[in-house]
Amino acid sequence: MKTKFIFITGGVLSSLGKGLAAASVGALLQARGLKVTIQKLDPYINVDPGTMNPFQHGEVYVTDDGAETDLDLGHYERYLGIPMNQRNNYTSGSIYHRVITKERRGDYLGGTVQVIPHITDEIKSVIMNLASDDLDVALVEIGGTVGDIEGQPFLEAIRQLRSDLGRDRCMYIHLTLVPYLAAAGEHKTKPTQHSVKELRSIGIQPDIILCRCEKAVTDDLKHKIALFCNVEKDAVFSAVDVKNIYEVPLSFYEEGFDQKIAIMLQLPAKNPDLSKWQELVDTCANPQGKVTIGIVGKYVDLKEAYKSLHEALIHGGVANKLAVELKYVNSELITDENVAESLAGLDGILVPGGFGSRGVEGKIRAIRYARENKVPFFGICLGMQCAVIEFARNVAGLPAANSEEFDEQTPDKVIYLMTEWFDFRSKQVERRDSGSEKGGTMRLGSYPCAVVKGTNAFTAYQAEKVDERHRHRFEFNNAYLDKLKEAGLVFSGLSPDGELVEMVEIKDHPWFLGCQFHPEFKSYPMTPHPLFREFIKAAGKQAVKSKR
């Protein structure tokens, strides 16, 4: 079977949940035995989100091949349980960059380079590159909202693909908002009508309309939407708000959403096996206990900045049959005087990754509190670096210890800029310096890690070698390895050549671990990451202890 394409657009307003909708549809088709992938096309001009402010964009999701991508790729991976790569995310910036590179190379033979056909052809090219003999369905999510100026080339490209592929290989799903007005006691369809009108004005007639709503849309209202939007009566579906995002595939299945897609695209009529999804939802709904985890960071005002982290902690809870309540603590507000009050009642403390000096001292205070008060601690990327700094200052007798990122003049740079490292994918030595460009110049993607036996890390992984995803410029300074080891710091994970420290721990503590990589990017609801599983297990023991 030739690869078939499903294009998902959004109307009325942004953040309706196109990514979750795409991931849920993909999961349903996958449960039918089909091979599925998902692609996200973002209309913004940035080449990738790697240098974007988390407050504007949210999390930057890193793939195995080192691509810095949209956070929706995290949803795709978690719902499908398969890794994404660079081909699964493009932006206007990356598309234009490809076209301009070709123009400079002379590929267009002196012709005038225009949005149509050159930009639209490039968009079609990256979409069609997904097609292969072993892929049944490719879902393509168009970022932004219908009507956005920057999104027009993408919509034009997918309009053309309908003619290129034919109706049996291409369909359009339009996600739109159907607000419920409590005062009037009814849903309003006008925003949806206008959104579809805008879409049809550029030549795209949606095949299915998915209505994001607080309450399920009635059959009468579905028929009204179908009439005004020129779709079949049974092609209007509700996307109702749910308590748990992992309920969405089950909700779509109950609506018959996947069945309609299968009929329209003439896909094999096999009933999906959703037993694992049902088991997951049941486990989430019936926990045997609860833990409270504090996330100490500086992007706490925008939870999307820690999206994968949030989900990975939930996964750890699922593995231990525990509900996980998250408390976000602004590290900039933590002082020596209020640290105990700020972190009171927590069963576990997690310090996530980040960049820059703002809020770092608050993180270090939180880590000291966790270490001295025997509260389970998990440090990720910058969180591990801060744990090393705290240990060096307060245990190893290096009061001026710091990271070169925060203080270039410190006499004890226990964390310093990585200037070269061996890339196990390209089999080459990568080099960077302080003058390198910011975008795409970090240690990015999946790298192997040797795990030391007899450590918390080995207890979690039960393996001597693992592969984890990285996103950092700074690393532990090996000049301090012996001194910190003598003071009691355990180096439980190293690069295979022994040159780079990947994990550290502390003995005589319930659970204290820092890792230089980002394990949250490899945690799936069906297969929680081992480190999150063990962290939540330790937090569960702490919760029981606190109740006594």
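Quick reminder: no glycine exception, Cβ is built from N, Cα and C everywhere.
Going through G354, G359, G445, G498 against Swiss-Prot, the one listed in the L-glutamine site together with L382, G383, M384, Q385, E405, R473 turns out to be G354. Together with S15, L16, G17, K18, G19, L20, the ATP site in Swiss-Prot holds one more listed residue from D72, D107, D121, D133, which is D72.
When the candidates K40, K124, K222, K224 are compared with the CTP site entry in Swiss-Prot, which names S14, D148, I149, E150, K188, T189, K190, P191, T192, Q193, the shared residue is K224. Across the structure, I149 (CTP binding site) and E141 (Mg(2+) binding site) place their CA atoms 17 angstrom apart. Around the Cβ of S15 (ATP binding site), the number of neighbouring Cβ atoms within 10 Å comes to 11. Within 10 Å of the C-beta atom of P191 (UTP binding site) sit 15 other C-beta atoms, taking all shown protein chains into account.
The record gives S15, L16, G17, K18, G19, L20, D72 for ATP. Within 8 Å of the mean position of their Cβ atoms, the other Cβ atoms in that chain belong to G10, A21, A22, H75, E141, L175.
Most other Cβ atoms within 10 A: among the binding-site residues G17, G19, that distinction falls to G19. The 10 Å shell around the Cβ of E405 (L-glutamine binding site) contains 19 further Cβ atoms across the protein chains shown.
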